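Working notes for the structure below.
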Amino acid sequence: SDFFHSMIHFQDFVLEGFRGGLETQALLFAVFLALYMVTVLGNLLMIIVITLDARLHSPMYFFLKNLSFVDLWYSSFIAPNALANFFSSSKVITFTGCAMQFFFLSILATTECFLLGVMAYDRFMAICNPLRYPITMCQSACTRLVLGAYCGGCFNSIVQTSFTFHLPFCSSNRINHFFCDVPPLLQIACGNIAINKLLLFGICGLIIVGVMFVILISYGYIIATILRMRSGAGRRKIFSTCGSHMTAVTLFFGTLFVMYAQPGAIESMEQGKVVSVFYTLVIPMLNPLIYSLRNKDVKEAVQRLGQKHMTM
């Protein structure tokens, strides 16, 4: 009955977005547009290059391709709608539209979380168990790991979406955010949100801490292995790859933790909006740059693709 209660009260929500006059909105529009365009180009390029270049058909690049796929969709569920809202007078999103947006964002964010864990495990196997690596990380194992990441994303999303959108929203329909997310929605719910807070911090906290644990253990072993290496060139190459992985991981988990895994998250929405821009637009834009443009194999693959295109 609570669900119908909320449907009767509000058919639509209003996404308030960012405060400020026309100049601020125009500046933010330009920033969002630039971030989104670079995100789309970078991630599409990664997907195309990894798909077309046979030399990049290894587990590491299979996971990177999936990360690019997730990032591409993730930013696409947010940026176009946010861009349209900067100059819209109504900023309306329907109840169903809001639920759908949250559902897909939740799947993608959780999947990315698990993918980063899988990628750390992949590097651990490649560096610490190189002889067993081709058997352990065969094509079917890689596919299972990626499917597992998507299933984990679906599970978290179904739980969060069903519990959030069953709440009655009768105190207000104005969401103090630029997309539909749990903390701002819980702010305007007028039912008892204790169980929702518990689920949000419990499940998200568990996922974040669990995946971070896998990553830290993997990199602990990797660093120990690197330090035992005799070859300076090999050591530098691995440090470069793992350094870029750790940069991306720290950025992603740092911002997620601030948003979802600590109890003050729901109260401080202005700070939350800035943090959200970071993990919904900045990180998907940075991932291809962090993982690939510092990577010799990808640079060479892009050059080969360019030369092939020129000769056609």
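Using the three backbone atoms N, Cα and C, a Cβ is placed for every residue, glycine included.
Computed from a predicted structure; not experimentally measured.
Copied over from TrEMBL, here are the features:
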- 26-52: transmembrane segment (TRANSMEM)
- 42-291: domain 'G-protein coupled receptors family 1 profile' (DOMAIN)
- 72-90: transmembrane segment (TRANSMEM)
- 102-121: transmembrane segment (TRANSMEM)
- 198-226: transmembrane segment (TRANSMEM)
- 238-262: transmembrane segment (TRANSMEM)
- 274-293: transmembrane segment (TRANSMEM)
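The listed stretches are 72-90, 198-226, 238-262; of these, 238-262 has the most Cβ pairs under 8 Å to the transmembrane segment (274-293). Taken together, the residues in the domain 'G-protein coupled receptors family 1 profile' (42-291) have a mean pLDDT of 88 on the 0 to 100 scale.
Remote same-chain partners of the transmembrane segment (102-121), defined as residues 6 or more beyond its termini with a Cβ less than 8 Å from a stretch Cβ, comprise 60, 63-64, 66-67, 70-71, 73-74, 77-78, 145-146, 148-150, 152-154, 156-158, 160-161, 164-165, 179-182, 185, 207-208, 210-211, 214-215, 218-219, 245, 248-249, 252-253, 256, 279-280.
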